[in-house]
Amino acid sequence: MAKRPESSVGYSVTIPPPQQGTAQSPIFSPPPFPATTGPIFPPPPIVQPNQIPSPSMKTPNLPSPANGVRTGSPAPHLSTPPGPPVFSSPLQPAAVPFRTSPATPQPVAYSSASSLPTSSPPQFSNGSVDLHHQSSDATEDWTPATESPNVLFSAHKVLKQKKLANIPSLGFGALVSSGREMSPGPQMIQRDPHRCHNCGAYANHYSNILPGSGQWQCVICRDLNGSEGDYVASSKEELRNVPELSLPSVDYVQTGNKRPGFFPVSDSRVSAPVVLVIDECLDEPHLQHLQSSLHAFVDSLPPTTRLGIVTYGSTVSVYDFSEESVASADVFPGNKSPDQESLKALIYGTGIYLSPMHASLPVAHSIFSSFRPYKLDIAEASRDRCLGTAVEVASAIIQGPSAEMSQGVVKRSGGNSRIIVCAGGPNTCGPGSVPYSFSHPNYAHMEKISLKWMETLGREVFRKNTVVDILCAGTCPVRVPVLQPLAKASGGVLILHDDFGEAFGVNLQRASGRAAGSHGLLEVRCSEDIFVSQVVGPGEEAHVDSNETFKNDDALVIQMLSVEETQSFALSMETKRDIKRDFVYFQFAFKFSDVYQSDITRVITVRLPTVDSVSSYLESVQDEVAAVLIAKRTLLRAKYANDALDMRVTVDERIKEITSKFGSQMPKSKLYRFPRELSVLPELLFHLRRGPLLGSILGHEDERSVLRNLFLNAGFDLSLRMVAPRCLMHRQGGTFEELPAYDLAMQSDAAVVLDHGTDVFIWLGAELDAQEGKGAAALAACRTLAEELTEVRFPAPRILAFKEGSSQARYFVSRLIPAHKDPPYEQEARFPQLRTLTGEQRTKLKSSFLYFDDPSFCEWMRSLKVLPPEPS
C-alpha cells in the first residue's frame, strides 16, 4: 500500500398445495434488486443529444422501487423530496387517476403521545363464553376507514371452489410493499404486540374480543389468547382506542436498549455511510460529465452524511479526507484481494476515509477536480478495471476497526450503508474479472467463476449491512451478467445510462438516499385454506431459528435484502381445498430497523369475502394488479431472448385459457367472447407482449436483462407503467387529457406525453411545432408534466422529446398500439376523440401512418379466436 498525492484542481418454482398437517416450503424466484428515495439534485430534464433542446428545469427527487425470492412456509425510507413543479394551468382530470407515487415525507421522531387517527368504529363480537368455537367471520361487517396501500390484491373476493380459484392463467395473489407511504401513516405503538400463542399471528381489528376478560381470538388459527389485561374493557366502545383493534395497519416500535451496545436515536436521523467507487479509466468527455455529476451530488448530501471516495483502474485508490490542500490517496494493487495486514494498516492509520460532509465538502470537491482522463492508447473495453477489489476495499473502510464509539456506547448507522459504483466498462482485472475478449479460449469457464465470486462478494457485503448499487454509463459494454450478481445479492440495483450526465447524476443522488431500513424480514400468514405458492421480489428464504416460540407457526418468512419504499413482493396464492367459510384472512408483518435505529414491526391484516358466483369474483378482479402479477410471473421465466419469445406465446395461451374458462362462445361463430368483467386485462397483456419487457423494442440483451431485473423488484406504480405506457395529450391552455396508448393520438396539431416507466417520451406534432409560441409552450408544459410524474421515481427515467417526422420518433411510435389498422367503427369505439376530427383531418391522420406487419390489439385478439372485449 502506498500513499499517492495528486495535484488538486478546482426463483422460482410453483409449490404444490401442502397436505394437511405437513410442512412445505414455498419456492422463491431469482431476479434482483430494489430502489427508493433521494435528496435534491440540480436541474435535470433528461434529454438526449440530437433531440429537441430542453429548457432548464428543476429535478425532483425520489423514493423508489423488486428481485427474486425463495420462501419457507408450510403452505408452501427517506429524504424529503422537493415539491412538484407548478403547472402553467391546472391539470385536466384524466379518465384514470394519476398513479404517481406520493412524495415521501421526512420521518418524524417517535412519540408515545401520538394521537390515534379517526376511523369507523369496529363491530366486536359479544362476550359469549363460546367464543373459542364460534366463527369469527360472520360477526363483523365493518370496513376500516383506511385500506392499506401496502397490500394490493388481484381481486377483492376469493372463489370458494378450488378448481376455479386455482386456474393458473388468471391466478390470485397480492403485491406487498413494506414502505409505501400511507395517509394517515400507520399508528405507532410503543409496546410488544399481542401474538397468538399457537401460530404467532398478531391481534388485529378483525379479532373477536371478550371485553370482560380481555381475551381475543386469532383470525388465522382461531385459538383463544390472553392480552395481559390490555383488552379488558367495560364495553366494546372502550376498545376503539386500542390502535391494533381499530386500524388495518399498525407499527410496533421498540426503542429500548434491548441489544447490547446499541442505543436508539429519536431526535435526528442518523445517515448511513456512502462510499463512491469510481472508474478512473474514462476518456475526457465522459470524465467531464462524471465530474459535474459528482460535484452536484456532494452538494446535495445532508451535512451529517459520511462519505468515502474510492477509485479503481489497474489499482485501487482510497482517498484521505485529512489532507485539505492536495488530493491524497492510499493505493492497493488491483490484481488480488486486499490482505488483512494492508487493510489493518489503512484502517488503524492516521488517514480519514469516511468523513461527514459538513467537515469535508471542500476536500471532496478538490478530489473530484483532481481526476484526469485515461492517457494510454488502449481500447475502452480492454483497459484494466479492478472493480471487484475496489468494492472489497470500500466494504472494509465502511466496516472500520470497530463501530464508532460515543461515551462508551456503540452507535450504529441508520439503515443500510451504501457502496455506489460509477462504472464505465467491464471488470477485467483482479478477482471476479473476465477476459477482455469473448473469443478468449477459456471465457465461458472464467465467466462462470466470476459470476460465483461476484455473488459471494454481494452476500458478504449484505451480511455487513451494506448495499451495492452499480450505475453504468457510456458506450463501452459493461458485461451486465457479470456485475448483476454483485448488486442483486447485496440488495442493490444495476442501472444503464447513455452517459454520465444529468440522468446519471439524478440516479446517483436518489440511490444514495433511498433506503428506508435494514435487517428486514417479511412474515406472511394466511387462513388455513390458502397457501402461498410463489414469491417474486427482493429477498430470499429466511433461515429461522428452529426453536420457535409458537407451536404451529406456518408463516412464510422472507429475508428482505433491503427495506425500501417502492420495492414490492409479488405473492401468488392458491387454495388447498374448497373454502367453507365466508371470509379468508391474510396477515403481513414487516420487521426491520429504521433510520432512527428503532426496531419496527409493521403489521397489516386484510380480510376478503369468499363467493360461489364466478361473475361476482370476476367483477372484483383488479385488472391492473392482476396484469402486474401475471407479468412478474411471466418475466421470471424470460431470462434470455429465446425465453422471451416463448413467453409471448404463453401470453397468447393465457388469453385463450381465461376465455375458455370464464368467457362464452359466440352463437353461430368460432369466436369466443372474453369475459366482459375483465375488459382492461387483455390490452395490458398486449402491451406486455410487444413492449420492452418481452418484445423486440430493445436491441441489446443487456438492456433487457437490466430492465427485467428492475421490473421484478419494482413496486406497483412503476411496474404498471413498465407493462403498459400511459398516454396524455396536451390540450389548449396547458391541460392534459388521458387517452388510450394508441398511435391515433399522434395528431399533427397535438403534443403527447407517453410515460413508459423507465422512459418518458414527448411527441410534438408538426403543425403545432410550426406555431412558434404554441409549440414552445406545449413542449414546456409536457416537460413539466413529465418531471412531475417521475419526481419520486427510481431509477429516474430518461425524458426524450421528438418532433413528428424525425427518425427518432420511431422510439415513440413503437410503444403505441397500431390502432390505425382497425376499421373506422372500431377506432371510434376505442378512441372516441376521433369523432371530433373532420373528414379531412381523419384522412390526413390516416395517411401519416406507414404500413407494417405488427398487428393491432383487435387483430391480435381475433387471431386467437377471441372477440376483443368492448371498451369499458
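Cβ coordinates are placed from backbone N, Cα and C, and glycine is handled just like the others.
Annotations in TrEMBL come from automatic prediction, not curation.
The feature compositional bias 'Pro residues' is assigned by TrEMBL to 28-47. The compositional bias 'Low complexity' annotation in TrEMBL covers 111-122. What TrEMBL lists as domain 'Zinc finger Sec23/Sec24-type' is 193-231. Per TrEMBL, the feature domain 'Sec23/Sec24 trunk' maps to 275-501. According to TrEMBL, the feature domain 'Sec23/Sec24 beta-sandwich' maps to 518-610. The domain 'Sec23/Sec24 helical' annotation in TrEMBL covers 624-720. Marked as region 'Disordered' by TrEMBL: 1-144.
Comparing 193-231, 518-610, 624-720 for CB pairs under 8 angstroms to the domain 'Sec23/Sec24 trunk' (275-501), the maximum falls on 518-610. Here the domain 'Sec23/Sec24 beta-sandwich' (518-610) has, by DSSP, the following mix of helix, strand and coil residues: 0 helix, 58 strand, 35 coil. Mapped onto DSSP helix, strand and coil, the domain 'Sec23/Sec24 helical' (624-720) counts 65 helix, 5 strand, 27 coil. Taking the domain 'Sec23/Sec24 helical' (624-720) as a whole, pLDDT averages 92 in the prediction.
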